[in-house]
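Engineer: Sharing the feature lines straight out of TrEMBL:
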type	residues	note
DOMAIN	35-320	domain 'ABC transmembrane type-1'
DOMAIN	352-585	domain 'ABC transporter'
TRANSMEM	34-56	transmembrane segment
TRANSMEM	76-100	transmembrane segment
TRANSMEM	150-169	transmembrane segment
TRANSMEM	175-193	transmembrane segment
TRANSMEM	265-288	transmembrane segment
TRANSMEM	294-315	transmembrane segment
Amino acid sequence: MSPPDAAGHQEDPNAASHGQAALGDLLAPVRSRLILACLLEVIGACAKVVPLIALVELARELLRDPVREERVWSVVAIAAGALLLRLLASGAALTVTHLADTAFQLDVRRRAARRLGHVPLGWFTDRSSGRVKKALTDDVADLHHLVGHAYLDLTTAIVAPSAALVYLLASDWRLTFLTLLPVLVGIIQYAFMMRGQGEQMERYQRSIADVSAAAVEFVDGIAVVKTFGQAGHAHTRFTSAAESFVNDFWNWVRGMLRGSTVAELALAPFTTLLAALVAGAAFVQAGWAEPADVLPFLVVGVAVAGPFLELNYAYQHLVSARHAAGNIQRLLSTEILPPTADTPAIPVDARVRFAGVRFGYSDDTEVIRGVDLDLRPGTVTALVGPSGAGKSTLASLLARFWDPTEGHVSIGDADLREMEQHTLYQHVGMVLQDIRLVRDSVRENMRLARPDASDEEVVAAAQAANIHERIMALPRGYDSVHGEDANLSGGEAQRVAIARALLADTPVIVLDEATAYADPDSETAIQNALSRLAAGRTLLVVAHRLRTVTGADQICVLNEGRIVERGDHESLLARGGLYAELWGAQEALAEGRTP
Ligand SMILES: Nc1ncnc2c1ncn2[C@@H]1O[C@H](COP(=O)(O)OP(=O)(O)OP(=O)(O)O)[C@@H](O)[C@H]1O
């Protein structure tokens, strides 16, 4: 399988448009619970309007002569009952949505864990880790707001005004129309303002992304740009992105300022009240209504206009939730390794074979262009060659970071694609250039390879990797936690990784740039550790310093994705080809001569 976004994934700018479908898919398991919650909220929203109507009826009753005490008490009881019902129904609705949200988050995180457990290891770069974090924390939090609150807010914002409207229409349709005229104006004004907002919103999001990118670039590269006296240049990039953001934002807001002031004024409860008062007074004067008939419009009219702004907020949440759902859905559909055959292959020995292997990170550039290579059990094979020749890529195929696009890689006659993951990693161990220690004790970091290893075995592996003394010098020895009280240098972390590989005791080992961090002191320690690791195993070493691999059983010189020379050190030197050239250049450098 080829990497879907190995070159670095850009967030899909059209995520929002795919978002609706994604949202539907993601929420499918909790849809019935959400419907139930919305139905409960409908009851709560209707009950919310009842006390207002009761207030009107109470006022009407109190204006009568004589006052019917019994009726007054029944109206009060209905109002109190409605309040209680509102509390219970909305409380129950909130409980249901929050339970649904918990189930939804668990489902998303489980699906993500299952999916990511089957994506190729090469997919996990810093950038993709950032995407995973964003999707599983920020985007899931955005959806929490939608699932937990916004659907209910939306329901109340639609149902409560509708119920109030029905009551008003039943009281007097002409007064209803006049009272709600400003609301109508406000809604039309809003609709007018919202035209083209999608485009503006996208421009705004792009400006924010530019500012973030410039800020990250500025902060990440500050040491380098300062070293080269270019801090001013990086600073200019950041300020111009920020200025362009401010301009875009101001143009957008300025255009909306007048319109939104008019709309908000028209929708303000005070305006509805004023309209009801003016229209009511006119109707009473004209003899078309009694003063008591105006009361519903003064009290309940406000309930129609008020929730409109809430409707707007709930809609905004829906829009951002769609965007978030798009991101989560893309993470959950990350391309995975094809499933293993029904009868998984098991290696018969530690022989490694690359047969006609071709691979590219993208369809248009091939990095490995037809490699045939045999690694006999118990031998050391070194991959050398110019930078960018494809050495690390070829080695990573043996640990199944990616699958070849053509040909195959096998261990003990078992194609890697036909092996179960755990079988593969029981056979192949890795010490890579990018050493990853997890935030846990040094002991547990080593035990990652074999959780059942005893303390004695851990210490023995650390001794063999020449790192035991250093670990004992840490504040809490083997219990020191990486990143807290165990701050290991690159070379030391590498020896921990070698100890881990020793503990894993796999018959095949991939070593990538095993001497990258070595200072002269630790180089000997690392080399000794490596010799112990190599003993009896099949080793594939990516080497930059040719001196470290002169003893290898076989040295393969890679150039532009092909093996151009192979043999042992002596025979390659005698041949006078690329290897001899690289050797000459490195020796000259080591001796301080110009190559
Ligand atoms: N994850 C990746 N995504 C896309 N391209 C990549 C990736 N890793 C490596 N490449 C590209 O593949 C080519 C081979 O890289 P590779 O790291 O395998 O070469 P190398 O011989 O190990 O180089 P070096 O000695 O400099 O480490 C290079 O052009 C590199 O830019």
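Start at 1 and count along the chain as shown; that gives each residue its number.
Using N, Cα and C of the backbone, Cβ positions are placed for all residues, glycine too.
Model, not experiment: these values are computed from the prediction.
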Engineer: What parts of the chain pack near the transmembrane segment (175-193), using Cβ distances under 8 Å and only residues at least 6 beyond its ends?
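Structural biologist: For the transmembrane segment (175-193), the far contacts come to 165, 168-169, 256, 259-260, 262-267, 271-272, 275-276, 279-280, 283, 289, 293-294, 297, 301, 304-305, 308, 312.
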Engineer: Taking the transmembrane segment (150-169) as reference, which of 34-56, 265-288, 294-315 has the most Cβ pairs under 8 angstroms?
Structural biologist: 294-315
Engineer: Any residues 6+ beyond the ends of the transmembrane segment (34-56) with a Cβ under 8 Å from its own?
Structural biologist: 27, 75-76, 78-79, 82-83, 85-86, 88-90, 92-94, 96-97, 100, 147, 151-152, 155-156, 159-160, 163-164, 167, 295-296, 299-300, 303
